[in-house]
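Structure first, then comments.
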């Protein structure tokens, strides 16, 4: 069955895996203290607060939001352990948005990925691209809205048909998440849908759900075992599709 829909992972697939851990995460941790310093009472935060930071933090367990230091320590620990926490993702998305908008941040999407995203979609042939990342949908839209192309910031969101994250589809190593995506994009079968990721556990989950799925190998990605190399289809560039 011909592929008419591609679901893309982000880090390690369409942009360097180092961008998130060496640029986005440190930027978030650098800016977070100044935002927390503006809050005088962490115990009385409300979900309907007009301040988006306060509204996000109100979702934290009461035992965490006792003080600035407690909240800061909590998020530092989550980032250090790379925990995919929905509240953390919301907060990161808000702070990264400011960074993209003021020019501090620009996404280093691979040239082959930029070209693929621009050329694969076709309304006449009903070809579509979706994004599925552990980062929040807001963070995904931001990243693709501020892509570094030859030193200029370009917006690739117009080429994308939709986005999924752990709150809308589920965790990426669970096959049920890919079944949910197939349902949401109107696909009864996954044979015409290709999922690309650097993570073999995610690729395996997509295959279990009936999708086609390849492992993407990029500089800096975790090395594959010999078994992985024989078990999965592997590409090193989206030009190979």
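Using N, Cα and C of the backbone, Cβ positions are placed for all residues, glycine too.
Under the heading Mg(2+) binding site, Swiss-Prot lists 9, 11, 198, citing sequence analysis as support. According to Swiss-Prot, the substrate binding site annotation covers 133, 134, 172, on the basis of sequence analysis.
Feature annotations (Swiss-Prot) mapped to structure.
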residue	record	Cβ contacts under 8 Å, 6 or more apart
9	Mg(2+) binding site	132, 133, 172, 195, 196, 197, 198, 199, 202, 216
11	Mg(2+) binding site	17, 19, 20, 133, 198
134	substrate binding site	84, 89, 165, 166, 171, 172
Excluding 133, 134, 172, which residues of the same chain place their Cβ within 8 Å of the centroid of the Cβ atoms of the recorded substrate site? 9, 10, 84, 132, 135, 165, 166, 171, 202
Let me check the 10 A CB neighbour count of residue 172 (substrate binding site). How many other CB atoms are there? 23
Would you please pick out, from the binding-site residues 133, 198, the one with the fewest other Cβ atoms within 10 Å of its Cβ? 198
Within 8 Å of the Cβ centre of 9, 11, 198, which other residues of the chain have their Cβ, at the recorded Mg(2+) site? 10, 12, 13, 14, 17, 133, 197, 199, 216, 221
Would you identify the secondary structure of residue 198 (Mg(2+) binding site) according to DSSP, in three states? coil
Would you give the longest CA-CA distance, in whole angstrom, between residues of 133, 134, 172, the set recorded as binding substrate? 8
